[in-house]
Amino acid sequence: MKELVNILDFLPEELGEKIKPMFRVKQIYQWIYQKYANNFSDMSSLPKDLRLELAQNFHFSPVKCVKNEQSKDGSIKYLFELVDGLRIESVLLPMKEEKIDAEGKRISHARYTICVSSQVGCKSGCSFCLTAKGGLKRNLSAGEIVGQILWIKKQNNIPYERRINIVYMGMGEPLDNLKNVSKAVKILAQNEGLAISPRRQTISTSGLAKQIKELGQMNLGVLLAISLHAVNDELRTELMPINKAYNIAAIMDAVREFPIDQRKRVMFEYLLIDGINDKLEHAKELVKLLNGIKAKVNLILFNPHEGGLYKRPSLENAIKFQDLLSNKGVTCTIRESKGLDISAACGQLKERAKEQ
């Protein structure tokens with residue numbers, strides 16, 4: 001039996017090499033990403049012989065949802081099974097956004113962020129992260145990354161034109177899979193598709209300095225987030241072994257070269273761990289480290305998980321840490337850990353075995 005190819009792996013120009021004329025490719029894109037077609041036979045504006053040809057050569061179901069859990073805060077965690085049987089997790093984070101209309105009335109509407117995985121597992125080995133416990137199985141293809149977003153939008157009846165944010169902060173190190181992640185960014189940005197601007201896509205990294213520079217040279221227009229979590233190399237190496245390859249100085253040099261929109265900032269994720277990196281002396285060092293960088297710091301309180309070595313700090317200590325940064329002119333927020341009760345928060349995702 002002929003093996004079908006995942007059509008979500010293709011940019012329009014690549015699909016155009018296989019399907020003529022080009023306007024048919026645009027129609028296919030619209031059916032998949034905007035009309036949420038379930039199969040090729042649904043694509044009624046295409047000639048019957050083309051629909052048959054597509055069905056004989058392609059599929060667009062690279063992920064299958066085998067389980068989902070909803071948090072009391074509205075977050076939904078999805079367990080997806082890939083074609084080869086491996087599993088990944090993704091999270092939908094709904095939030096309310098309030099605006100003032102022309103008449104001065106306060107109106108609110110739903111705003112969505114989707115946290116996607118870029119690998120099955122991860123090889124970075126961060127001591128505080130559950131994903132790292134199982135090691136790296138393989139990279140996801142661009143279509144498998146896109147497939148997570150498409151499935152979640154379809155399942156939740158989110159119109160294709162509704163603006164959403166994408167964060168590459170699920171399982172895996174995105175820059176360890178830069179080729180496929182960058183391609184996913186381009187596919188998601190297509191006007192005939194989901195039309196998710198790169199400015200609404202944030203790529204997070206544990207600090208692969210070489211790949212940060214490569215990403216910057218691509219000029220994709222994406223936002224960058226650095227998982228920092230420590231202010232000196234000794235502690236960071238203890239928490240994040242990747243620091244042996246790319247130390248803090250190398251990371252900061254790469255960040256300074258990274259092209260960023262004038263209205264945006266490089267995001268620095270800082271996981272506060274009780275008694276480890278949450279002292280005020282650490283906050284003072286962080287201020288020095290970020291000097292001269294257009295930065296925003298996201299403070300995250302450690303999220304407990306099975307077999308975890310660390311403890312969650314008190315909110316009081318986190319606020320003191322935040323206040324010191326803010327008073328020194330560093331833009332800083334304490335990030336709400338959504339999905340904590342369903343193990344969907346930062347550091348809690350993993351490849352769930354098939355016992356479910």
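Placement of Cβ uses the backbone N, Cα and C atoms for every residue, glycine included.
Here is what Swiss-Prot says about this protein:
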ACT_SITE  Glu89  active site, proton acceptor
ACT_SITE  Cys346  active site, S-methylcysteine intermediate
BINDING   Cys122, Cys126, Cys129  [4Fe-4S] cluster binding site
BINDING   Gly172, Glu173, Ser204, Ser227, Leu228, His229, Asn303  S-adenosyl-L-methionine binding site
DISULFID  Cys115-Cys346  disulfide bond
DOMAIN    108-341  domain 'Radical SAM core'
Listed in sequence order, residues with CB under 8 A of Cys115 (disulfide bond) and six or more positions away: Ser90, Val91, Leu92, Leu93, Val167, Met169, Gly170
Taking residues Gly172, Glu173, Ser204, Ser227, Leu228, His229, Asn303, which bind S-adenosyl-L-methionine in the record, the widest Cα spacing (Å, whole number): 19
Intrachain C-beta neighbours of Leu228 (S-adenosyl-L-methionine binding site), sequence separation six or more, cut-off 8 angstroms: Gly207, Arg236, Ile248, Ile251, Phe268, Glu269, Tyr270, Leu286
Binding-site residues (Cys122, Cys126), the one with most neighbouring Cβ atoms at 10 Å: Cys122
Inter-residue C-alpha distance, Cys122 ([4Fe-4S] cluster binding site) and the residue listed as 'active site, proton acceptor' (nearest angstrom): 13
Residue, out of the binding-site residues Ser227, Asn303, whose Cβ gathers the largest set of other Cβ atoms within 10 Å: Ser227
Whole-number mean of pLDDT values that fall within the domain 'Radical SAM core' (108-341): 94
For Gly172 (S-adenosyl-L-methionine binding site), nearby residues of its own chain (Cβ under 8 Å, 6 or more apart in sequence): Ser117, Ser118, Gln119, Val120, Gly121, Cys122, Thr131, Leu136, Asn139, Leu140
